[in-house]
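**Student:** What TrEMBL shows for this protein is this:
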- 6-152: domain 'Lactate/malate dehydrogenase N-terminal' (DOMAIN)
- Asp42, Asn105, Val129, Gly130, Asn131: NAD(+) binding site (BINDING)
- Arg92, Arg98, Asn131, Arg162: substrate binding site (BINDING)
- 156-330: domain 'Lactate/malate dehydrogenase C-terminal' (DOMAIN)
- His187: active site, proton acceptor (ACT_SITE)
Amino acid sequence: MAEPIRVVVTGAAGQIAYSLLFSIAKGDVFGKDQPIILILLDIPPMLPVLDGVVMELQDCALPLLREVIPTDKVEVGFKDIDAAILVGSMPRKEGMERKDLLKANVAIFKTQGAALDKYAKKTVKVLVVGNPANTNCLIASKSAPSIPKENFSCLTRLDHNRACSQVAMRCGVSSNNVKNVIIWGNHSSTQYPDVHHAKVNVSGAEKAAYDAVKDDAWLRGDFISTVQQRGAAVIKARKLSSAMSAAKAICDHMRDIWFGTKEGEFISMGVYAAGNSYGIPEDLIYSFPIQIKNKTWKIVDGLPINDFSRAKMDATAAELVEERDTALDFLSQ
């Protein structure tokens, strides 16, 4: 048996974590032969809830789970960790301006970035889920200067999975028959779900998504807005945000970091934009098409971009630049 790896989940008393922790502990993410020490980090008022989550994890009697450590202290939460899944963030409350939300989250992710810098392994892989995820991820990485920027990513896999599923349903195939969808930009309603490079396997034959769907108006209209607005639609229906699907996307994202992407396929991840070939401003966390090998991601370069895509990619970049500049103002205060 391998040595246990240490994995921290923040916001661990929340509903996304409740769907996520079981999958991690039973080996769906880091491998079926990889023992795990789970550290559950949350704010002090949530500690009694965490105790209940610990009891449940113990009661699952999972062979890979070596230890569960509940804590409200960053020095315990981030000590010697191999992977950090930062789910906890300040949610947007009614009447709250976006800049107020950003200010609250800058404080949280500055603290967590500094704690990663001080206590975590320098090889730690950090996934930011808490919204606004791209900018929170940028702040965390800037607050952890001794950890390579490439070790930070934010979650756009949920949007990617949503886009795959929409195309699959439209073509009457299962979602594993759709590949190379791209989510460009921000995990917000400006994101751009792009299927110009996607392939759909229909009855054993691989076709370009536009040829398989045969409805350009839908692909350029309702498809995009459905994926962009899906989170809001779930909240409207459930009166709660996406938890099960978010947890599944987190598992997909981290498993791909650990084990790599399939040959000839790419997925979507928010990563540091330095050195990209798409003209996206460099000091951003932006979602690109990504391939991963040996726990190292690279942006898939050189995909042809038409004018329709260009405009949408630039619009979501502009929103991220504005978010970043606002956040950096708060960071310097």
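Heads up, the Cβ atoms here are built off N, Cα and C, so glycines get one too.
Remember, TrEMBL labels are computer predictions, not curated facts.
Since this is a predicted model, take the numbers as computed values, not measurements.
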**Student:** Tell me, if you would, which residue among Asn105, Asn131 (binding-site residues) has the fewest other CB atoms within 10 Å in the structure shown?
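**Tutor:** Sparsest of the binding-site residues Asn105, Asn131 by Cβ contacts within 10 Å: Asn131.
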**Student:** Check the Cα distances from Arg92 (substrate binding site) to each of the recorded positions Asp42, Val129, Gly130, Asn131, His187 and keep only the ones within 10 Å.
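**Tutor:** The recorded positions close to Arg92 (substrate binding site) (Cα within 10 Å), listed in sequence order, are Asn131.
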**Student:** Max CA to CA distance in Å over the substrate-binding set Arg92, Arg98, Asn131, Arg162?
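**Tutor:** Roughly 25 Å, rounded to the nearest whole number.
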**Student:** Where Asp42 (NAD(+) binding site) and the residue listed as 'active site, proton acceptor' are concerned, what is their Cα separation in Å, rounded?
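**Tutor:** Spelling it out, the Cα of Asp42 (NAD(+) binding site) and the Cα of the residue listed as 'active site, proton acceptor' are 23 Å apart.
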**Student:** Averaged across the domain 'Lactate/malate dehydrogenase N-terminal' (6-152), what pLDDT does the model get? Just tell me the whole number, please.
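**Tutor:** Reported value for the domain 'Lactate/malate dehydrogenase N-terminal' (6-152) is a mean pLDDT of 96.
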**Student:** Give me the Cα-Cα distance between Gly130 (NAD(+) binding site) and Arg162 (substrate binding site), rounded to a whole Å.
**Tutor:** 18
**Student:** Express the distance between the Cα positions of Asn105 (NAD(+) binding site) and Arg98 (substrate binding site) as a whole number of Å.
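**Tutor:** Counting only the Cα atoms, the answer is 11 Å.
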**Student:** Just give the helix, strand and coil counts over the domain 'Lactate/malate dehydrogenase N-terminal' (6-152), going by DSSP.
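**Tutor:** For the domain 'Lactate/malate dehydrogenase N-terminal' (6-152), the helix, strand and coil counts are 66 helix, 27 strand, 54 coil.
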**Student:** Distance between Arg162 (substrate binding site) and Val129 (NAD(+) binding site) at the Cα atoms, whole Å?
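**Tutor:** Cα-Cα, rounded: 16 Å.
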**Student:** To the nearest whole angstrom, what is the C-alpha distance linking Asn131 (NAD(+) binding site) and His187 (active site, proton acceptor)?
**Tutor:** 8
